[in-house]
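**Student:** One structure, as structure tokens, below. Some questions next.
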Ligand code: ATR
């Protein structure tokens, strides 16, 4: 029987996950179907129950349900527990639900494997202190960075997040307007400012010479943060399309035990063929 998977979010029509997983399934010859579910903001748990009752094997969870999925599930991976968010849900044979979070490892794999960024010893700035930032913090600290600074418009949230992660590695928090004279080898945008057509306001000097800029979001045209990086002469400017495909590949690996080749899928998406 064909195994059923889906992505649940609201809105969901724009999601590229069905196309990405269909490409993975085709490439690895897996008999699986991957659909979209428009989640009910007032009854996420009911939507999940209905999917499982109908024989569903796994879900990807996206905005605005990642935190709710975290609250709902008892069985969580360490990285999902730390992120306080779940983006991948697996249904075991007995109908037990397991939650994981592949966003952070997707970001790391895109930067390290696809783009060749070397993390150990680097100084990294993570801009934003909301759910997207929390989702990638632990995997970032595990890469062996020399220092990870969380900078947020609302400084208190950056301090709180850094305090919560202190045991995991060299992390500190500050306000966006407190980046006095630091220079960073990599600046990652994890704010939602691009959704409003803006880039977070960062001082120009904070990008090291030959530093990299990564926007966790993506669009068909350069995002405002990518434009910020281009204007400051960043060595590399990347958007989050690769992260999107890599986090999907990690979900696929959890569900099917196979690692798909992400390179042709990223290329097809970039060229508008998926
Ligand atoms: P998400 O789950 O996408 O991270 P969120 O939890 O609502 O969404 O967090 C949004 C993040 O984007 C926050 O860090 C927010 O900063 P504040 O905590 O100060 O609100 C940040 N953000 C949104 N718009 C921004 C802007 N125009 N400039 C800078 N930061 C912005």
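Cβ coordinates come from backbone N, Cα and C, glycine included.
When I checked TrEMBL for this same protein, it listed these features:
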ACT_SITE  66  active site, proton acceptor
BINDING   15, 16, 17, 62, 87, 103, 218, 247  shikimate binding site
BINDING   78, 128, 129, 130, 131, 132, 152, 153, 154, 155, 156, 157, 216, 240  NADP(+) binding site
DOMAIN    7-89  domain 'Shikimate dehydrogenase substrate binding N-terminal'
DOMAIN    111-193  domain 'Quinate/shikimate 5-dehydrogenase/glutamyl-tRNA reductase'
DOMAIN    240-270  domain 'SDH C-terminal'
**Student:** Name, in the order they occur in the sequence, the residues of the same chain whose CB lies under 8 A from the CB of residue 16 (shikimate binding site) and which sit 6 or more residues away.
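**Tutor:** Non-local contacts for residue 16 (shikimate binding site): 244, 269, 274.
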**Student:** Can you count helix, strand and coil residues in the domain 'SDH C-terminal' (240-270) using DSSP?
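**Tutor:** Reading the DSSP string over the domain 'SDH C-terminal' (240-270) gives 24 helix, 0 strand, 7 coil.
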**Student:** Pull the DSSP breakdown for the domain 'Quinate/shikimate 5-dehydrogenase/glutamyl-tRNA reductase' (111-193) and write it out as helix, strand, coil residue counts.
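**Tutor:** Summed by class, the stretch gives 33 helix, 22 strand, 28 coil.
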**Student:** Could you measure between residue 62 (shikimate binding site) and residue 154 (NADP(+) binding site) for me? Cα positions, answer in whole angstrom.
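**Tutor:** Residue 154 (NADP(+) binding site) has its Cα 24 Å from the Cα of residue 62 (shikimate binding site).
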**Student:** Residues with Cβ closer than 8 Å to the Cβ of residue 218 (shikimate binding site), same chain and 6+ apart in sequence?
**Tutor:** 239, 240, 241, 244
**Student:** If we count other C-beta atoms within 10 Å, could you say which of the binding-site residues 152, 154 has the fewest?
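**Tutor:** If we count Cβ atoms within 10 Å for the binding-site residues 152, 154, the smallest count is at 154.
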**Student:** Please check the binding-site residues 87, 129, 131, 152, 154, 247 against ligand 1 and give me the ones with CB under 6 A, sequence order.
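**Tutor:** Cβ under 6 Å from ligand 1: 129, 131, 152, 154.
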**Student:** For residue 152 (NADP(+) binding site) and residue 66 (active site, proton acceptor), determine the Cα separation and express it in whole Å.
**Tutor:** 21
